[in-house]
Amino acid sequence: MRLCDRDIEAWLDEGRLSINPRPPVERINGATVDVRLGNKFRTFRGHTAAFIDLSGPKDEVSAALDRVMSDEIVLDEGEAFYLHPGELALAVTLESVTLPADLVGWLDGRSSLARLGLMVHVTAHRIDPGWSGCIVLEFYNSGKLPLALRPGMLIGALSFEPLSGPAVRPYNRREDAKYRNQQGAVASRIDKD
């Protein structure tokens with residue numbers, strides 16, 4: 001059962017759930033909290049790689065990822081990031097979220113953006129118990145026109161679901177947690193699997 005707005009506010013007030021900066025009450029809806037787009041992005045560079053062998057030797061996968069991913073792009077206030085049709089880009093939420101070991105989060109994109117062809121998360125919309133950091137967004141423009149994305153715009157909504165008990169291996173305590181405490185648009189770390 002997901003938390004309702006009243007319970008989301010109570011968990012925030014009690015410090016069991018942290019969203020920083022804390023959203024105003026107007027952004028806490030029936031069962032969700034609106035999140036905004038941050039100012040950090042990462043894209044695929046122009047490259048000549050025919051493919052990336054995801055199951056190949058880890059050092060080769062790592063080198064291939066380094067060749068095809070851009071450095072982090074940080075926008076100044078008022079600047080726009082343009083996502084063209086058929087392009088994939090990583091971005092980050094403005095808000096940093098910390099979940100306790102007994103709560104899982106879910107990110108959903110906005111329907112109004114999806115109707116323009118913008119996918120906010122390609123597949124990864126679960127936020128694990130024990131997570132702490134900004135949430136990386138996996139943007140894909142499946143529409144026909146470039147989309148201008150500006151930091152601060154509403155980009156999605158988080159919902160929260162209590163677990164039957166605290167996780168024994170929450171994300172923040174796992175040795176293999178590849179994206180622990182991320183604050184930027186961190187590229188794939190599949191080579192760490």
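Numbers here mean position along the shown chain, with the first residue as 1.
Here the Cβ of each residue, glycine as well, is placed from N, Cα and C on the backbone.
The dCTP binding site annotation in Swiss-Prot covers 110-115, 124-128, 136-138, 171-174, K178, Q182. Using a 10 Å Cβ-Cβ cutoff, L113 (dCTP binding site) registers 19 neighbours.
The Cβ neighbour count for E138 (active site, proton donor/acceptor), using a 10 Å radius and every protein chain shown, is 17. As annotated by Swiss-Prot, active site, proton donor/acceptor applies to E138, with the evidence given as sequence analysis.
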Cβ-based isolation winner (fewest other Cβ atoms within 10 Å) among the binding-site residues A124, I127, L137: A124
Count of other CB atoms lying within 10 Å of the CB belonging to R110 (dCTP binding site): 17
Rounded inter-Cα distance in Å - I127 (dCTP binding site), E138 (active site, proton donor/acceptor): 14
CB contacts for N172 (dCTP binding site) [other CB atoms within 10 A, all chains]: 18
